[in-house]
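TrEMBL annotations:
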- A:1-19: signal peptide (SIGNAL)
- A:37-156: domain 'Beta-hexosaminidase eukaryotic type N-terminal' (DOMAIN)
- A:72-A:115: disulfide bond (DISULFID)
- A:178-489: domain 'Glycoside hydrolase family 20 catalytic' (DOMAIN)
- A:288-A:339: disulfide bond (DISULFID)
- A:334: active site, proton donor (ACT_SITE)
- A:507-A:524: disulfide bond (DISULFID)
């Protein structure tokens, strides 16, 4: 047994923290200095016994008992990725010492490892990790839990004073607190080059996020290239070739995300937020009137024409085949009624239907008719009393009366996710990550059954002020605060402890090539190499 | 002379609202041709017509005019010619030799004519530098006339901004006459390499961006409490023990040289700030007894405060240190800081208390601060350098040399009052208060940055003349290599136009339209300048 006295002059001393470390190693805090797990695992036990990892001999391998093997491309790629993350690549002579950790065995226990499947809301992401000599073992029901465990394993590795990779004897049993842990990116207000999306999927995996909510189109542009309606992007994108996502781009995003255990849920927001759709699809939008004649401008989707529903049927048929996830986000937020009110045909229809002047009834009428497979909607759809399928997920985004809304939605028996406190496009001076961190999604009054209906949350980075130039540093590590809130135990709330770990976690992201911005003054051993 | 009038279609650009004041000449209805011209900062005098010339990458050249005092031996201009050729035509992997034919409608060259006997190719820019230039675009040659290379650099940037791509992707430039000069002589950017270390690459990229915005001062807040990355030849322990890391997080003498030369090539002065007596915690690691030991009760607490002003050794150190600084940095000015001195440590120290009593300072510690600053100023004056100081030094009544520049940064009392007082006392003033770009908020904060005016205070014309400019400050608490550049640009561009263009250039709507295009131009040139609002650039940022 090789017990290492580590000197860590370049690292912030970690304050002794209760609650997240247990086991009998009082006074051995030093050994933990450089361990900076993020998000914090549910159960964690570590000791001061350290093993070395030799770049020449250490391997990540399939356990003999594992149902997954070399044919499991998803895991093979993940093994390679994590070996690259902790620079374990040289071709030195292979000598094994007693103090070495020679391998990490990855043991997938289910008969079906799900190598070629897609993650889903029901996915079991739990895993168990045991670091001991000569082998560490990562045990998970399927590849999704194995991915989470690999990330944790890589976070346990630290460099000692001589630059050698070490890992301490550790036992971890981990699982997410919430099943839906998402990031919303908006590729309509600004087009996001593929490279930016992929980099952020990488960063999501480092933070154990599992949903990419792709707000792909909106008023400003329609970059999604539809096979069924190619004119939508030809006329609705900022540029028909350089500012679009081709079918193969979309496929690549989905596959890149799948390899990291991330679901891709596209949002095609209607009936509002659709200005760009009108360029490529005649008569889809409601013509607005000024007085008795059309003003030349257009409003939400025209809800009184059968052609609108025919279009939506065909369009969403395509979407449901292109995107494998069981859910689609249908939007339904912020419908501006003024255009509908101005249009005499709409007025006539309202009278016929007996809606009076309550245009939210017309909105509900529309939404009712466009429901497809599993879907998510913004909270207005629920608020307006639209009849929803039982498995609908209602996304709560309005900042005022957030708790009341969670109460109402769950009382009505719907599952819900929270994003109201996590609009990361809102920036301010200083350490705003603490506000995101302190949010407790289940703090609203309600029964246990109601609390169970809160399946998670999303950090939203709306696109008005971000594009390829500034998106990534604006999102990270601020979104990491949300990641820990959604993964770790409810009791993990110590901001001081979180700060110390997050400082190191952000340096780890920087080291891995993600330009995650600083929390405050200080430095990373390895600063960002880009611009 | 065959006139070639091009009907341009610009479907991808925002229409520029017709704007008064910045365009003159008789071309009503010809706004379309101006759509894609997005000069930033706006020149003082600008006259353009719809007549367009084409620029062929195969034949167009930037050359020295025959009458010019500068020639091929002028490395500064040669480098600038190459830089601007690449900005205009992109990185040409291989020169196109297919088309040597010159058409009537072509602009074949830009002649750069430096008129002074000494073009100043190997000099450094200074506060007195004449940056004015005249630019005349006409066939077959455009002429850029300037007294020296510094004006020529500004004119080259303007020339490159006049070039636009037509519908077929061909570079065009309109018949244009420009006569331009800066409103203020000191137009600076402050970067802070102490709270976070800034890799050389980041500093150089921002010098590039500064040149695109006609900034001419890099105020290098190089050290502070948090770290001391400046590698001193005289006192190497300062960075060995005071930097975040003695090798990876320092600026070596050759790094510093490179920054200065890179800046010089772009007409940018480098003014280093070595802030004392406060903001010096990191100095104490490598220089024993420099800082004041703080006391808790009757014994030293183990912590340290500002520079110890009662020891001769402190002044000996400063004498040697600033002697080095004055040779390393060629600019005539050094920024000596002098801000935010915390008196609590001095108050706690019995030796300091004794000294205060001896000097008859009572309990007024600002007198002790003044005592220190006074001696420091004498030390620096002996190196033949001028100095800049933060406003506290003036506020505390320190006796200052007549050419001292007072840097106004505080929000309270109102900066307008401070500007009035500084200039009433006859000192030159620089404004930064409204331009603390490290402070961020949601939305288009560049608008308020743009609206601030350094001469907007009550005072005589003579007082107004003492305002030599301003600086946009990006303090380093929350920025490093990951996010500095997009946070600074294009927000600092708003300051650039305020400091260069005429006072009357204040139309925010017009500025928005030009700035949208200016930021896309920076992006195209490799600077990750963040968006102002929704929209797109023809060529988006290729990095991460």
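Just so you know, glycine gets a Cβ as well, placed from its N, Cα and C.
A TrEMBL annotation is a machine prediction, not a hand-curated record.
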Of the recorded positions A:115, A:288, A:334, A:339, which one sits closest to residue A:524 (disulfide bond) when you measure Cα to Cα?
A:115
For the C-alpha pair, I'd like the distance in angstrom between residue A:288 (disulfide bond) and residue A:334 (active site, proton donor), rounded off.
17
Nearest to residue A:115 (disulfide bond) by Cα distance: which of the recorded positions A:334, A:339, A:507 is it?
A:507
Candidate with the highest Cβ count within 10 Å, taken from the disulfide-bonded residues A:72, A:115, A:288, A:339, A:524:
A:524
Number of Cβ atoms other than its own within 10 Å, given for residue A:507 (disulfide bond):
22
Validating a neighbour-count step here. Other CB atoms within 10 A of the CB of residue A:334 (active site, proton donor): how many?
12
Top Cα neighbour of residue A:507 (disulfide bond) in the set of recorded positions A:72, A:334, A:339:
A:72
Write down the Cα-Cα distance for residue A:72 (disulfide bond) and residue A:334 (active site, proton donor), rounded and given in Å.
44
Roughly how many angstrom lie between the C-alpha atoms of residue A:339 (disulfide bond) and residue A:72 (disulfide bond)?
54
If you run the three-state DSSP split on residue A:288 (disulfide bond), which class comes out?
strand
What kind of secondary structure is residue A:72 (disulfide bond) part of, going by DSSP in three states?
coil
Secondary structure content, the domain 'Beta-hexosaminidase eukaryotic type N-terminal' (A:37-156) (per DSSP, counts of residues):
27 helix, 33 strand, 60 coil
